[in-house]
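Listed in Swiss-Prot:
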BINDING   PHE9, SER10, GLY11, GLY12, GLN13, ASP14, SER15, THR16, THR17, CYS18, LEU19  ATP binding site
BINDING   CYS197, CYS212, CYS215, CYS218  Zn(2+) binding site
Amino acid sequence: MHTSALVLFSGGQDSTTCLAQALSKYERVETVAFDYGQRHKVELDARLNVLREIKSRFPHWAPKLGEDHLLDLAVLGQVSDTSLTRDVAFKMENSGLPNTFVPGRNLLFLTLAAALAYRRDLQVLVTGVCETDFSGYPDCRDDTIKAMQLALSLGMDKRFLIETPLMWIDKADTWRLAHALGGQALVDLIIEHTHTCYLGDRTHRQAWGYGCGACPACELRARGYERYAAALSKP
């Protein structure tokens with residue numbers, strides 16, 4: 001039986017929801033983030049605020065929340081010419097993928113997370129990737145995650161489990177899951193303290209949180225919140 005987990009925690013809506021689920025399931029939960037030269041580096045500050053607020057607002061989770069880790073992955077920005085690591089406009093590429101796709105990002109994240117989990121004796125890796133509401137990123141697909149789980153388990157001779165709580169749900173359902181896990185208190189925390197905007201905008205407050213409201217990440221989060229809120233208003 002698994003008792004511990006390492007959550008890949010960026011400080012966004014999805015990873016915060018995954019962290020809440022891990023805290024509801026496991027006795028010991030640690031977190032890890034990556035500094036890869038992302039334009040929205042403000043998320044690295046936001047995640048610390050989220051961790052602080054979780055400890056404050058959810059005292060039953062606080063004792064389970066262990067060490068937080070930040071890994072330097074600047075080399076990823078050196079090999080990736082994308083709109084997440086360069087000051088260029090968001091657009092679709094000829095490949096059919098948006099230029100927000102950072103090749104190899106989630107593969108590297110999972111590899112480094114597994115190496116850290118190996119050293120920390122953590123049994124489960126938790127990541128917020130999904131196939132339902134995503135931009136076609138191949139490293140978010142269920143087949144990719146299953147292949148990574150097998151490769152990491154074989155390569156480190158340790159049976160890892162990679163959990164993807166959001167794999168088959170959309171953004172509206174992610175809001176619903178957050179409410180189911182932590183009630184309105186968790187929804188409010190996500191609105192006020194998590195960060196999604198690719199441009200790093202923390203000056204514009206929307207109904208769903210802070211962001212420019214126009215980048216792909218903001219649009220996806222906004223649509224999900226609108227559907228979630230609309231369902232709540234129905235008798």
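Cβ atoms are placed via backbone N, Cα and C, with glycine included.
On the structure: features taken from Swiss-Prot.
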residue	record	DSSP class
PHE9	ATP binding site	coil
SER15	ATP binding site	helix
CYS197	Zn(2+) binding site	coil
CYS212	Zn(2+) binding site	coil
CYS218	Zn(2+) binding site	helix
Non-site residues, in chain order, whose CB comes within 8 A of the mean position of the CB atoms of CYS197, CYS212, CYS215, CYS218 at Zn(2+): THR196, TYR198, LEU199, ASP201, GLY211, GLY213, ALA214, PRO216, ALA217, GLU219
Least surrounded among the binding-site residues, given as LEU19, CYS212, CYS215, CYS218, when other CB atoms within 10 Å are counted: CYS212
Residues within 8 Å of the PHE9, SER10, GLY11, GLY12, GLN13, ASP14, SER15, THR16, THR17, CYS18, LEU19 Cβ centre (excluding the ATP site residues themselves): VAL7, ARG47, VAL50, GLY128, THR194
Candidates CYS197, CYS212, CYS215, CYS218 (binding-site residues) - the one closest to PHE9 (ATP binding site) by CA: CYS197
Candidate with the highest Cβ count within 10 Å, taken from the binding-site residues SER15, THR17: THR17
SER15 (ATP binding site) versus CYS215 (Zn(2+) binding site) - Cα distance in angstrom: 19
Which same-chain residues, if any, lie at least 6 apart from GLY11 (ATP binding site) yet have Cβ under 8 Å of it: ALA33, GLU43, LEU44, ASP45, ALA46, ARG47, LEU48, ASN49, VAL50, THR194, HIS195
